[in-house]
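**Q** Before anything else, here's the structure in question.
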Amino acid sequence: MDNEDQESLLLQGVPDNYGGVKVNLTEPMTIEDFVPKLRASLVYWSNQGTKGIWLKLADGLDNLIAPAKAEGFVCHHAEREYTMLTSWIADVPSTLPANASHRIGVGAFVLNKKTKEVLVVQEIDGHFKGTGVWKLPTGVVKEGENIWEGALREVEEETGIKTKFVEVLAFRESHQAFLEIKTDIFFLCELEPTTFEIKKQDSEILAAKWMPIEEYVNQPWNQKKELFRFMANICLKRLQEMEYMGFSKVLTTTSSGKESYLYCNTDHANLLNATRGLASTSG
């Protein structure tokens, strides 16, 4: 059997950088056609010393999930466009990474420095429904969205206020938070308003207003709940003592050339931005 005939009996895969193979199936396939090819492919990959198999089934190929599981595959994750299954066929412990373990949230401390007021909202639904608590605008960062972009978007969506990113003031990590499974990382961002007229989001926001920061900090909820008291205190300290510095963003690129943001001490971020393009020096 020549190579062309052999390839016709196998699922076509692309090697990854870790001794594995990625298979991306997009065209309809019957179970009768799929199972023999999968079995032959597993034998072939094993003989080649392959370790892990990533089997990506496009939406509409759900008929292949159960047969793949019967051959040792397990579900890794699913999106609207596909289902990803994996199989580890090497005789060493699996090193395949788990499904995404974290969710990224943002909260926006939008401060009007002239009036010393902070932008706050009351939500229609959620944890604070019916409590009367005024809270900072919050939300979840979307896939492919930067932390600072998510904060700006959430504020504009919820209140109509346009802002500029200033700093990440702090962040919080909480395990088994989202769906009682995923870890939630929450970034508290300071934003500078560039508009001030509130136009609340009717679908999610019950009310929105500018509140004196002391009034926000001294709400019974913020005083009773330690985490909220700590974050409110950070916001107050930022207003009272501008020496409190968080992390500013520095646009850079990864080794593959993709844009990426580095967050670091504001003073050093300003230095890095000011010296961009210059030869690096020690110290």
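First residue shown is number 1, and so on along the chain.
For all residues, glycine too, the Cβ spot is worked out from N, Cα and C.
Take a look at what Swiss-Prot says about it:
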{"type": "DOMAIN", "residues": "101-233", "note": "domain 'Nudix hydrolase'"}
{"type": "MOTIF", "residues": "139-160", "note": "motif 'Nudix box'"}
{"type": "BINDING", "residues": "E154, E158, E204", "note": "divalent metal cation binding site"}
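Describe the structural context of each listed feature in the structure shown, including burial, neighbouring residues and relevant distances.
**A** Assigned with DSSP, the residues of the domain 'Nudix hydrolase' (101-233) fall into helix, strand and coil as follows: 31 helix, 58 strand, 44 coil.
Applying an 8 A CB threshold to same-chain residues 6+ apart, the list for E154 (divalent metal cation binding site) reads V106, A108, P137, T138, G139.
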**Q** Which is it, of E158, E204: the one of these binding-site residues whose Cβ has the most other Cβ atoms within 10 Å?
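**A** Selected residue: E158.
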**Q** Taking the recorded divalent metal cation site as E154, E158, E204, identify the other residues of that chain whose CB atom sits within 8 Å of the mean position of the site's CB atoms, giving them in sequence order.
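**A** Here the non-site neighbours turn out to be V121, P137, T138, G139, V155, E157, T159, Q201, I205.
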